[in-house]
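Here is what Swiss-Prot says about this protein:
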| type | residues | note |
| --- | --- | --- |
| REGION | 582-657 | region 'Type E motif' |
| REGION | 658-688 | region 'Type E(+) motif' |
| REPEAT | 106-140 | repeat 'PPR 3' |
| REPEAT | 141-171 | repeat 'PPR 4' |
| REPEAT | 207-241 | repeat 'PPR 6' |
| REPEAT | 273-307 | repeat 'PPR 8' |
| REPEAT | 308-342 | repeat 'PPR 9' |
| REPEAT | 343-373 | repeat 'PPR 10' |
| REPEAT | 374-408 | repeat 'PPR 11' |
| REPEAT | 409-443 | repeat 'PPR 12' |
| REPEAT | 444-474 | repeat 'PPR 13' |
| REPEAT | 475-509 | repeat 'PPR 14' |
| REPEAT | 510-540 | repeat 'PPR 15' |
| REPEAT | 546-576 | repeat 'PPR 16' |
Amino acid sequence: MESSKLLSLLRECTNSTKSLRRIKLVHQRILTLGLRRDVVLCKSLINVYFTCKDHCSARHVFENFDIRSDVYIWNSLMSGYSKNSMFHDTLEVFKRLLNCSICVPDSFTFPNVIKAYGALGREFLGRMIHTLVVKSGYVCDVVVASSLVGMYAKFNLFENSLQVFDEMPERDVASWNTVISCFYQSGEAEKALELFGRMESSGFEPNSVSLTVAISACSRLLWLERGKEIHRKCVKKGFELDEYVNSALVDMYGKCDCLEVAREVFQKMPRKSLVAWNSMIKGYVAKGDSKSCVEILNRMIIEGTRPSQTTLTSILMACSRSRNLLHGKFIHGYVIRSVVNADIYVNCSLIDLYFKCGEANLAETVFSKTQKDVAESWNVMISSYISVGNWFKAVEVYDQMVSVGVKPDVVTFTSVLPACSQLAALEKGKQIHLSISESRLETDELLLSALLDMYSKCGNEKEAFRIFNSIPKKDVVSWTVMISAYGSHGQPREALYQFDEMQKFGLKPDGVTLLAVLSACGHAGLIDEGLKFFSQMRSKYGIEPIIEHYSCMIDILGRAGRLLEAYEIIQQTPETSDNAELLSTLFSACCLHLEHSLGDRIARLLVENYPDDASTYMVLFNLYASGESWDAARRVRLKMKEMGLRKKPGCSWIEMSDKVCHFFAEDRSHLRAENVYECLALLSGHMESGQ
């Protein structure tokens, strides 16, 4: 009678500090009454200790109660460890069980052990346990066999997984769910749907789990029609109010760009889980609709659901995509007001948002308060500086990251190498290459492409070619980099040869490849070849030229003095006829060839279309200056002064002692600026006097 009361008390306990105190009292009472041999009480005590996360006390019960001859207790301990992802402990207990002379594993033992081997990736030992299961005669047990299916899926041994499943003499809905879920979780969404179809055709009725996984597979594959078909089955079989099924439907319709249907399903949900709210928000994130995301967040808070870090990160992503600073600041304010302990991903999302909205100072403030012992926070700063063209700061942040002892990863290296490419900072690039080698990442294809780009743009063609040859599977990007490298360093014929070789390997060039080819023609003055490739873009390669391609052609023709041909190309489309970049390129060619008539016409077009652009007035000034029309040139300068327009100062840089030092024209921010300018004046004097 006392035993039943104690068991009833243990079953009432939940995961709380108060419950833990009660459990300890019951535990003490069990010992006082001498009930150490009561198997049911012992099992219940182990289970409630695991529920309260008191693993040590659970182990203490196992070690000190006199009932280890019963496999029931061994299974309870292993199950507790397995449910809490303490897989090493699970296997340690199993090893002791195998060495126990008075107890042997049963069908309830193996699922926990199999799960542990799968989670730890112990393929060899997993196969051994499979053999032991067969020898023990439990391979026909539905739960044990389902566990083996899951284990092989974790090892990515899908054929073995299916073989075990197909050999099962008896299956139930749970075993079908196991195999379907395993394939879905391992990235095999198509196979998961195929198995779902087999399950139905075998006469098994899908339950909530089956339908949720099948809908999630449709979501991953963006297979809207199949998703709608499963939705109809959900309604027909009475699952239209199921929380998990509806959350999956909201996610599927959102990803398939059917937001109205997603919203309709969402509105009908009697109880909206956090997963459902997040799924609805993610649908609007994909469209960059930050306004709708913020509206859903407000409604979510009103209805009593606390946003998670995933919720906030998703909304910030929408704000970044739409460049909506106001909504982004609202989310940032919510994080501060709610005393939300923002994780690394929320802060990284804020940094990305502020950079995209042109608020670098705010991004730097967030970074200063962000966790800095992981690579993610540094990576977002480096990539953000790259995105706004501040190569110097990107390299500077990388140096800071290394100096504080944070180990760069693949993302770090692929982010910082383009900065070295743009700055032609070869020595810095070599230093980073050495770090990549030390990190044993030199075989990573993304890094090989980034290194190839860096060496080619820094003029080290020999090393670029070595890396190019080391890439096992050359894609369009790697070929394009080599074409660009040869073209920009005085070897246009080699560039065109590489272009032909690329096509022989069956690779179709893209717009960037053709841009590299046109650039190579431009550097070498290969006018006719350039015109041929430009005309073939649509007809042969099916590529629509963009502004950069037009700019290349204008430059090629402009250098050759074929200015009217260049002007005719600009006039071909409305998009190109008034484009500032194209007109400026042609205008520079007019200045070079002293073609004042066409140059004056283009300059007036630029001033008319871009009246607030200082560079427009500078090109006009240069035209008048080249023709010695000094009065007209002075009027342009006066106009610029009246409008408050200033030419952007020129920028130069130099590598010194593994550092990239940069400086601007008329820059006086350096502490020793006066000494620098005195030295420059002295050098200029010597040069003018011929000394």
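Don't overthink the numbers, they just go from 1 along the chain as shown.
Cβ coordinates are placed from backbone N, Cα and C, and glycine is handled just like the others.
Confidence in the region 'Type E motif' (582-657), given as mean pLDDT, stands at 73. With a cut-off of 8 Å between Cβ atoms, the residues of this chain six or more beyond the repeat 'PPR 13' (444-474) that come close are 410, 413-414, 417-418, 420-422, 424-426, 429, 433, 436, 481-482, 484-486, 488-489, 491, 505, 507. Residues of the same chain lying 6 or more positions beyond the ends of the repeat 'PPR 14' (475-509) and with a Cβ under 8 Å from any Cβ of it are 448-449, 452-453, 455-457, 459, 461, 464-465, 468, 516-517, 519-521, 523-524, 526, 529, 541, 543. Sequence-distant contacts of the repeat 'PPR 8' (273-307), counting only residues of its own chain at least 6 positions beyond either end whose CB sits under 8 Å from a CB of the stretch, comprise 243, 246-248, 250-251, 253-255, 257, 259, 262-263, 266, 314-315, 317-319, 321-322, 324, 327-328, 330-331, 334, 340.
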